[in-house]
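Before any comments, here is the structure.
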Amino acid sequence: MTTSLYWQTEGEGSDLVLIHGWGMNGAVWQTTSEKLSQHYRVHTVDLSGYGHSAELGSADFDEMVKQVLAQAPKKAAWLGWSLGGLIATKAALTSPERVSQLITVASSPCFSAEKGWRGIKPLILSQFTEQLKTDFTLTVERFMALQAMGSPNAKQDIKLIKKAVFSRPMPDQQALATGLMILADIDLREAVSQLSMPVCRMYGRLDGLVPIKVAHYMDELMPNSAKIVFEQASHAPFISHNDEFISELRTFLNQHA
């Protein structure tokens, strides 16, 4: 059994790691990585049980982070989308010497909604978990639709996300279940103030999974971080507003090179 994750590396320059979200795989970054590789050495990973990476045992959150760190460049900027943002944030907390800059996209230190904190309602997360047991392909497709919901170009966004995800093997059912548990249970809100490297938080104003209110909460938790809001984007701004996304990302990375 393989004990390593599938990575793609392209381009030359300073190292940049891209981490996908729940139910997805590294192919969602294809357009983004092609453009970024003109300026950076871009490393795209398939998390355990996703895409071309075999399920490396029933990994919990900390183990998933260790798996990515084990094969990531010695030092790099880390960019994580959605669930990938949680993984990148945890890597930056546990191994700050490895993460030169941290960028989270449509992500939150706590995805689950609770009193005084916006997020995904626990009931929705538990419904996804139940649906996984009966039809996990349909569950992933439903999640794709939720990601684009609110975007003016929702149909086109879903089409692009589906094309990318279905270009690689479907995710492992156990990996999907573990990912949902992470989204439901992990809470890094008290830890993020410890981050010492430059941090940029990117949001879609129309995001239904990470409500824009989270961006305002995070202003208080991380007053020294940068915040970028894509006004017409939903949960996948790098899909719906790719050129604008890359421009903002490059500006941040160049400012903190």
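Every residue gets a Cβ built from N, Cα and C, even glycine.
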Identity of the substrate-site residue among TRP22, TRP29 (reference: SER82, LEU83, PHE143, MET144, ALA145, LEU146, GLN147, HIS235, source: Swiss-Prot):
TRP22
When distances run from the Cα of MET144 (substrate binding site) to each of the active-site residues SER82, ASP207, HIS235, the nearest one
HIS235
Which number gives the other C-beta atoms within 10 angstroms of the C-beta of HIS235 (active site), all protein chains shown included?
29
If you average per-residue pLDDT over the domain 'AB hydrolase-1' (16-240), what number do you get?
95
When you measure from the Cβ of TRP22 (substrate binding site), which residues in the chain that are at least 6 apart have a Cβ under 8 Å away?
SER82, LEU83, PHE143, LEU176, GLY179, LEU180, LEU183
Looking only at DSSP and grouping its letters into three states, which state does LEU83 (substrate binding site) belong to?
helix
